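A.B. asks: Structure incoming, see below.
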């Protein structure tokens, strides 16, 4: 706007310079005409006084005197005509151009000075408002500063609109200021020559009539345009009154969270020393994946930061409010900016967040941004229709690995009745915290996470279970040994582990929470799948970050739409309530290998199940061969095995089902 205003001001200066030169030229014509009229009148007077003159060598010459008297009458008439012409030039030529020079051009200069003063007052008021203390709020000072901003902004807006109106009107007035004096000059000359040249008048009459018509049309068009602009100014003053406040009410002016481009003034912090800094107010705008800034008076903006794949977050910055920090994707550059209002503050964060995800490159960026923000809203809004929403997303039993159901506490037959009574609160507790990063056991011993095997003393597994007694030692020569590259998205405690909807809901909440809190960093690890456990290994140091015993993995599933997302539910013995088992759902992202990882986990559980059944078979054979009254080894073993299976049926139906399937 200020660049365009500079063009108009430059045009106004050019008009003023040209009109001054034209005024000087017409002034010379007018002065010359006055001088001609005065000289003619003086000549006529001198001719009349010829007969009164007494020359020493001259005598009475009546012919000469009468001739000069006749000449004096003609010249006197000419003098009268020149006097009339001078009067007409003063009224028709000099008056319009003098009015334009003294009134219209000076009005432009006056409005320019008033606008500059109002702009400076507004800048000063904004600076005082920006320096309001957040820690030591004073209602009286805040009210005075806010009122000052309101008054200065309203004054600036009003003077700006009147100044712009005057600049627009100048384009019409410059035409009138040039054509009207010329028209008056020509008409005066025609009137002057009417006494001796009717032909001259006939030749110019049509031309001058057309010019007069054009001048009248321009004047009518100018009057109509001025009336329209005056009405527009009145409407804008009424509509813009709430916007004069520096921090408008969000309920009246809602925040737009789906923007992929934004522009406005921001205060940027510049460090001047180790602890000192200054704040500069500049105009910022987004251009594709770049954040641009432009100083006042510049024709174009310059690159401030590349905001593709950047991170943006709100920060507490000294005593200033509405501050946020933008950090580049490589972390080498960051900038702290301050918005003027809470609305601008939230819109800037949402816009930069949308651009960082490169939504602006899609065909319908606002629609995609709205969908992303709606997903983020749904993640923190309880949904009573959760079961209906996920009914269509529930996979069929054929799509799940066969061991996923056998390893969970639910059964295929009772699954439908269980899901029918599911709700959001029965899957994930509303106040459950989300862990977005892996806390290494080396640096911090979290509940449910034990120390690594390299530490001394009695080693416990990451979930509070002792590795003494019946715990099978981990072997490096496992039958299954598969490695996958994964990125940890988050984990949270769940209230149920008998349905894959638990995994789907956890995925939705973690992804939405990441979008809401602007968390983009993910920890990359190597997931090792064996017949004994699942391991998360640091790719740099090869240190085991977390270890998940395979029997504790009771549920696992992949996302129906994005096959890169997968998760599993871990049942542990320790939790927020002692001696009460808890379930934690871990969500990961892989390189399009989510189904392969789930199939690998299912295969590992099948191998572990067969190994367990083989061990039980061997223990029964040993028990049968050790009986003292055994007569027929094979037959006696059959009897003992049958009775033992009946006892198992009485206590563990699921175990019997596993054995029969094996």
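Quick reminder: no glycine exception, Cβ is built from N, Cα and C everywhere.
Grabbed the feature section from TrEMBL, which reads as follows:
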- 259-357: domain 'PH' (DOMAIN)
- 380-416: region 'Disordered' (REGION)
- 394-416: compositional bias 'Low complexity' (COMPBIAS)
- 439-476: region 'Disordered' (REGION)
- 467-476: compositional bias 'Basic and acidic residues' (COMPBIAS)
- 484-617: domain 'PID' (DOMAIN)
- 622-662: region 'Disordered' (REGION)
- 626-645: compositional bias 'Polar residues' (COMPBIAS)
- 652-662: compositional bias 'Basic and acidic residues' (COMPBIAS)
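Walk me through where these features lie, including what they touch and how far apart they are.
C.D. replies: The DSSP breakdown of the domain 'PH' (259-357), given as helix, strand and coil counts, is 15 helix, 50 strand, 34 coil.
Residues of the domain 'PID' (484-617) grouped by DSSP class, helix first, strand second and coil last, total 43 helix, 53 strand, 38 coil.
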A.B. asks: On average, what pLDDT score does this prediction assign to the domain 'PH' (259-357)?
C.D. replies: 88
